[in-house]
Amino acid sequence: MSWRRAASVGRRLVASGRILAGRRGAAGAAGSGMGNSTSSFWGKSTTTPVNQIQETISNNCVVIFSKTSCSYCSMAKKIFHDMNVNYKAVELDMLEYGNQFQDALHKMTGERTVPRIFVNGRFIGGAADTHRLHKEGKLLPLVHQCYLKKKQEERH
C-alpha cells in the first residue's frame, strides 16, 4: 500500500476516534527523549496481543511499534528524540511472537507496515504521518495533551 493511502487511512482512524486504548490518558514522561526497549511483558502474558497492545498504549503517552532494521521507524523515533519526548518503542522483530503482534496491529489500524505510532491513546499513523504532524506543529500539542491528562489523573 502506498504512503499516501496509508496516511489517508491513518487520518480517517484518528478523525473517527475508532482507535483508542483503554483510558485515553496515558502515562509517560518527557525526559531523555530516548525510547524504552521492549519489556519481557511482550509475548509472555496470557492476555491476547490486542490486550497487550492496548495496555501498552494506555500506559504510555507515545508508543512506536517498530522493527530494528526499519529506516522509517528510525525516522519516527528521531522526531520524538529531537523533541525531547520520551516514547515506548516495541521492536516487533525482537519478539518471539512479533508476527502475532503485527497481525493484531494490522487489525487495529488497517495496515501491517511499521512503524505504527500511537500518541495519547490514539493511532496517528506511520512515519510520514508523524513527520507531517510535526511539520504542521500539531505533534507536540498531542503529546502535551497526554501529559496534562496524566497530571490531572495524579491529582485525583
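From the backbone N, Cα and C atoms, a Cβ is placed for every residue, glycine too.
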**Item:** Given Swiss-Prot lists Lys67, Gln102 for glutathione, the same-site residue among Val114, Val119
**Value:** Val114
**Message:** Among Cys61, Cys73, which cysteine does Swiss-Prot link to Cys70 through a disulfide?
**Reply:** Cys73
**Message:** Same chain, not part of Lys67, Gln102, Val114: whose C-beta falls within 8 angstroms of the C-beta centre of the glutathione site? Give them in sequence order.
**Reply:** Phe65, Ser66, Cys70, Cys73, Leu92, Asp93, Gly98, Leu105, Arg112, Thr113, Pro115, Arg116
**Fill in**
For Gln102 (glutathione binding site), the same-chain residues 6+ apart in sequence with C-beta under 8 angstroms from its C-beta are Phe65, Leu92, Arg112, Val114
**Prompt:** Which residues of the same chain, at least 6 positions away in sequence, have a Cβ lying under 8 Å from the Cβ of Cys73 (disulfide bond)?
**Reply:** Ile64, Ser66, Lys67, Val114, Pro115, Ala127
